[in-house]
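Peer 1: Just passing along the structure, written as structure tokens.
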Amino acid sequence: MNTIHTDVAIIGAGSAGLSAYRAAKAAGASAILIEGGAHGTTCARVGCMPSKLLIAAADAAHHAAHAAAFGVHIDGALRIDGREVMARVKRERDRFVSFVVAGVDAMPDADKLTGYARFIDDNLLQVGDDTKVQAKSIVIATGSSPVMPSMYRALGDRAIINDDVFAWDDLPKRVAVIGAGVIGLELGQALARLGVRVSLLGARGRVGPFTDPDVRAYAGRVFSEAFRFEPFAQVQAAVREGDEVRLRYVSDAGESIEETFDYVLVAAGRKPNVGGLALSNTSLALDDVGLPVYDPLTLQAGAHPVFIAGDANGVLPLLHEAADEGRAAGTNAARYPHVEAVERRAPIAIAFTDPGIAMVGSRHVDLKPESFVTGEVSFEDQGRSRVMLRNRGLMHVYVDRASRRFVGAEWIGPDAEHIAHLLAWALQMKLTVDEMLRMPFYHPVVEEGLRTALRDAVVRLG
Ligand SMILES: Cc1cc2nc3c(=O)[nH]c(=O)nc-3n(C[C@H](O)[C@H](O)[C@H](O)COP(=O)(O)OP(=O)(O)OC[C@H]3O[C@@H](n4cnc5c(N)ncnc54)[C@H](O)[C@@H]3O)c2cc1C
């Protein structure tokens, strides 16, 4: 048995782990990065990047199919070649992955270890069969995995997760998407736009990340127009018949529906990858789902030299948060016992649906009802949105009554990914609604819709 000694051991070479490794080294520590699976990160291999590539193809198909409203006609049939779509998704995805892998290749060999790590005690890891790592501090950056409810496990290779979609060589004909969160909506809408017959079945009324009931209801109507979308479906049976799956479920309207699909794409949430870490061998306090109890400010588990970053801590499963947390965890691990709080940016979350979905700052559900006013704009009559025939959307901005500061927003609408950045920057700069309205607004742009919502908030503030 070979035992390696290091200042910092990092478990997982995803976005959080890579960032932790670089930060630990920059702080002057020795560091070992341990990866059990494929290098390249979840984001580049099977997450952010391939999903956006699939969406880009879907949007191209959608715009071509809807050009006639502008007087632009495609004579002859529009043809979507599933093999070409998937070939581009994989080709471009592989390019992004290759940049990450090149970065890992450039690291000194002595700093990398291949194999799954598990704890022997608080400072000792077993990696594979014949290596132990003795570390002064450890960063857990093991990411997350999709939850697969037992009902779907029996479907074998017909029950798939996001990773499997990006391994397809061609598009299937019929897909049931289970779960109406961000991943389910993004992939479900993209597949529908690419000609796949999609039924998207939620269970608890979720529509993406929304907590504002009006915005959620509006978004639900938008998606229902494009494909079968049942946010409150109750799936009663999933049976494999040859290469097909027969689903029986009760729809939102109370109807019993049976449909046949080629695949069931399960996007019913993700859980942190901590099950295989043998955390019971440590003295770390674990919560009721087996996660180390940790301080969300410093990412430290109790008073131990163990830090937990990225999707593994189950809080903000977003790429930029994983990178920020990894950096903080790596620095704290290197400087332990001198630990500092993560410098958090204004909260921002985006779903790349069309219309886009975005959330900035405090969620509606987390605000005290009497503490804020809601400014609203519908994008249905918003000038620039209508020019582009993208005039679907509803935005709610929340403004604190006492300070008049902008505190949050939830919306679905055109160019949401860009407006989300304006709002997140305004939030981080602690701007009041009056200061925001003194900023320039060009004409005609979608941001004029945001101005309408802010003005509406001012009227309501009185
Ligand atoms: C379909 C999809 C779309 C997404 N789109 C977006 C988006 O548009 N924008 C956005 O911000 N976020 C998006 N995300 C989320 C984003 O991808 C994640 O938040 C981010 O990748 C998490 O990084 P991480 O470092 O925590 O985990 P990962 O990148 O998953 O890294 C964890 C690593 O740990 C390794 N590992 C696990 N256990 C062990 C062990 N015991 N020993 C050794 N190695 C181990 C794994 O093999 C893995 O390589 C998306 C996710 C998905 C699935």
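Any Cβ shown, glycine's included, is placed from N, Cα and C.
Because TrEMBL annotations are produced automatically, they should be read as predictions rather than curated entries.
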Peer 1: According to TrEMBL, Gly179, Ala180, Gly181, Val182, Ile183, Gly184, Leu185, Glu186 bind NAD(+); identify which of Gly269, Gly275, Gly276 is listed for that same site.
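Peer 2: That NAD(+) site, as TrEMBL gives it, pairs Gly179, Ala180, Gly181, Val182, Ile183, Gly184, Leu185, Glu186 with Gly269.
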Peer 1: Under a threshold of 6 Å between Cβ and any atom of ligand 1, which of the recorded positions Cys43, Cys48, Gly179, Ile183, His443 are retained?
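Peer 2: Cys43, Cys48, Ile183, by Cβ distance under 6 Å.
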Peer 1: Measuring Cα to Cα, tell me the gap between Leu185 (NAD(+) binding site) and His443 (active site, proton acceptor) in whole angstrom.
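Peer 2: On Cα coordinates alone, these residues lie 32 Å apart.
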Peer 1: Sequence gap of 6 or more, Cβ distance under 8 Å: name the residues on the same chain that satisfy this around Cys48 (disulfide bond), in order along the sequence.
Peer 2: Leu319
Peer 1: Could you put numbers on the helix, strand and coil content of the domain 'Pyridine nucleotide-disulphide oxidoreductase dimerisation' (350-453), residue by residue per DSSP?
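Peer 2: Counting residues by DSSP class gives 36 helix, 32 strand, 36 coil.
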Peer 1: Just to confirm: which same-chain residues, 6+ apart in sequence, have a Cβ under 8 Å from the Cβ of Gly181 (NAD(+) binding site)?
Peer 2: Arg206, Gly208, Pro209, Ala267, Ala268, Gly269
Peer 1: If I take every residue in the domain 'Pyridine nucleotide-disulphide oxidoreductase dimerisation' (350-453) and average their pLDDT values, what number comes out?
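Peer 2: Averaged over the domain 'Pyridine nucleotide-disulphide oxidoreductase dimerisation' (350-453), the predicted model reaches a pLDDT of 98.
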